[in-house]
Amino acid sequence: MSLGSLAFTLFLTVVAGIKCNGTEVCAGSPGIPGTPGNHGLPGRDGRDGIKGDPGPPGPMGPPGGMPGLPGRDGLPGAPGAPGEHGDKGEPGERGLPGFPAYLDEELQTASYEIKHQILQTMGVLSLQGSMLSVGDKVFSTNGQSVNFDTIREMCTRAGGHIAAPRNPEENEAIASITKKYNTYPYLGVIEGQTPGDFHYLDGASVNYTNWYPGEPRGRGKEKCVEMYTDGKWNDKGCLQYRLAICEF
């Protein structure tokens, strides 16, 4: 069918569906609904409404967390200015009366006599070879032979220390007692952690030595020091029995 014939057929179909009344007003049948149009542009905002009444109170919220720990103390402040001098105190109580002058003289006399007796005793002991005085030191022995720790304890109990010569004069005094008893004594000198490093019992470094040639050679195994009768030193173990000589 040609395009013109198709158009004519559709025209007849439409005309056939039209009804006319006596006044020449024709009413056609409803056509097929068209496709929906596109959405229009948004309208303008309306005016604000009237303010509403306040709402009811809300429920109580949960309690907050626990209190935190106290903070650290702050730094000390600067020292304050010195205060004013206080008032003078009341006089103290009267002291005890002093000794009469004659008693003071008697005390001086007694002190002199005691010193004289001590010097006499020291002289007797020196003649016996059991005690010698050199400078401000006194070297003494009781003639016993014991190990190093026992000698140290004996001397400490007597208020002294194991004899430790710090110069040739003191070394000779100890050697004199050694010859008298013909027994080697221990000296107040010991070896430290480092082999060959010797020091006095108070920790001070040794400032005087009189080693026998080739000594010390214990190399850390002989911690104590003994003296020969000629005054020479030798490193030795500390468990031997040696003459106890103390210094005061």
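Just so you know, glycine gets a Cβ as well, placed from its N, Cα and C.
Between CYS238 and the candidates CYS224, CYS246, Swiss-Prot records a disulfide bond only with CYS224. When DSSP labels each residue, the compositional bias 'Basic and acidic residues' (84-93) comes out as 0 helix, 0 strand, 10 coil, counted as helix, strand and coil in that order. Secondary structure at PRO54 (4-hydroxyproline), as computed by DSSP, is coil. Over all protein chains present, the Cβ of PRO54 (4-hydroxyproline) has 6 other Cβ atoms lying within 10 Å. Cβ neighbours within 10 Å of PRO57 (4-hydroxyproline), excluding its own Cβ and spanning all shown chains: 6. Counting only the Cα atoms, the space from PRO63 (4-hydroxyproline) to ASN207 (N-linked glycosylation site) is about 78 angstrom.
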